[in-house]
Amino acid sequence: MEEKKRSKSSNSNSAEQIGYNEGLLTEILLKVPTRSLLKFKLVSKQWMSLISSTHFCVTHTRTQASDLKPSALFIDGCSLSPSKIPLLPIDFDSTQRFPPFDFIDPNPPPLRILQSCSGLLICSSVNKSTYYICNPTTKKFKKFTFRSKDCSDVAVNLAFDPLKSPHYKVIFVAMAYICTPSPSDTSQIKRKCYIEIYSSEPNPCCSSKIEFDSKEGVSLDHGVCSSKIEFDSKEGVSLDNGVFCNGSIHWYSYQELHYLDLDKECVTTMSMPRVNNVTECYFGASGGHLNYVCGYLRDIRLGINIYEMEQDYSKWNFKYNLTLAEIITAHWSDFHYSYLPDFLLMCAINSGDEGYSFYAVFPDGRAISYNFKNGTSKALQLSNIKRYNFGKFPRMACQYIESLAWV
């Protein structure tokens, strides 16, 4: 009995010593995952103050950066009130409740999630007049507006790598049409793009102002350039889904991949994998690699190919093939094949030791996942999908990553 009392007393004393030693407490909490840290804020005012401090958030984000994995995917098919944007959990068996996306302004306008980057999101209003950088985990956000005389803002992107810097960059691209020398001669119309790069560092200002001529055929919906750069595209690269990975912004067409190294300020082009009869595709990044998912029709069946880029950009590697209809009918015998070419979401996530998993969501809210490592599939019915009329839109799968990244 006495030994138990001494043991409890010893544990209590140890806890008190840790509590009074802020340096030791900080060292311990830096190793705790983000989700648990949010609960630990309730332990005491001291813990709340420590975990909420800028220094701790920045240090924790850098410490955990190499282990960041998505816990859900935003199904952002149209402009919606932020609180109504549905989420697809990465783990279909999880009972985790995700925090509501309801913290942007008292009466936020309908928004589009444009990009996810290491726990931060960049969103825009319908008319692209207002942008938001936000962290849905900490419920912090910043609002940006971008206006340029005689120009229309046609692209915005986010670059954030917490291993390199606690600061992120927001890149705006505006486009103007210039007639030279004769306004009546449309062949002489040139597109000039203006780039402004903003940093989240203290004393925010435009750190770079660049302008360059855009050649015909290059679409700048969500791509970036940070220097005086121009390049040709064989078929007009669509930059709806700019992807930040390994210090570069990437965008693609069915034929080519263009990527801009933000440090070297140069654009490089390489070929995309050749696949016939492509009906759907997804371009993203996970596990430190770019990945490309394409759906193609073969004998009225939809096949899925997954490719992964070597980290040195030497080549695309073919990773997996999947016949989707066989996976779906194993869960839903009544599933209509006409749904197959029409996805609300389609992507692949590399989860390290767990390997690659494929995810798809269909218009009626049915969702499937398939893990290539163990060959297992799971199904889920998302009830809130039926409320929305998504229509046609670029297939995006912005990742929800729990992080204390400072906005």
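Cβ atoms here come from the backbone N, Cα and C positions, even for glycine.
Model, not experiment: these values are computed from the prediction.
Taken from TrEMBL as is:
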DOMAIN    24-57  domain 'F-box'
Tertiary contacts of the domain 'F-box' (24-57) (same chain, 6+ residues out, Cβ under 8 Å): 17-18, 63-64, 96, 137-138, 402-406
DSSP-assigned states of the domain 'F-box' (24-57) in counts, ordered helix, strand, coil: 25 helix, 0 strand, 9 coil
Model confidence over the domain 'F-box' (24-57) (mean pLDDT, whole number): 92
